[in-house]
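If you look up Swiss-Prot, you'll see 7-27, 59-79, 86-106, 116-136, 157-177 marked as transmembrane segment, on the strength of sequence analysis.
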């Protein structure tokens, strides 16, 4: 660890950024119900799409992705190494999943991973986004697409951005853990489509 003070500052800011849930503010603006109490109960873009359509969902997606990208940019501006930038990205994603401002009840982290990934390893993230899009187009199930991309992430990172393999392993594990209910629903054939 080359910059302990800067890393502590960056991860603290990243966690707090991650804790600002775009879904809540988008739902307030569009007068939609609380996403944690409606639809799937997840404050993420897919649930917002079901509750309010493509415009609120797109705003939620961009908000959540921007948090991940901003965390990495802050770390870079503080002169942190790529490894330390990855640690900062993880802090933002944990903030999104366990937000301090929302009783630690957050989202699944896919969009925040997308933003952080584009800022850190755009080649891997772009490839995984194409995988996600192909599965959504083929099956119309967002969670299945996210799980497929998460399972492929370590291999894709190893091929395209091997310096970030450990980060993508950790992020994949986070995504899989946060989707455990979806995995059960998929196994039972009960997962909702878009």
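Just so it is clear, glycine is given a Cβ too, placed from its N, Cα and C backbone atoms.
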(request) Quickly jot the same-chain residues contacting the transmembrane segment (7-27) by Cβ under 8 Å, restricted to those at least six beyond its ends, or write none. (result) 1, 33-35, 43-45, 47-48, 51-52, 56, 59-60, 62-64, 67-68, 70-71, 74-75, 78, 80, 84, 87-89, 91-97, 99-102, 106-107, 112
(request) Could you pull out which residues elsewhere in the chain have a CB under 8 Å from any CB of the transmembrane segment (86-106), counting only those six or more residues past its ends? (result) 7, 10-12, 14-21, 24, 36, 43, 64, 67-68, 70-72, 74-75, 80, 112-113, 116-117, 119-120, 164, 166-167, 170-171, 174, 178
(message) Counting only residues 6 or more past its boundaries, what in the same chain has a CB within less than 8 Å of a CB in the transmembrane segment (157-177)?
(response) 82, 86, 89-90, 93-94, 97, 108-110, 113, 116-117, 120-121, 123-124, 127, 146-147, 149-151, 183
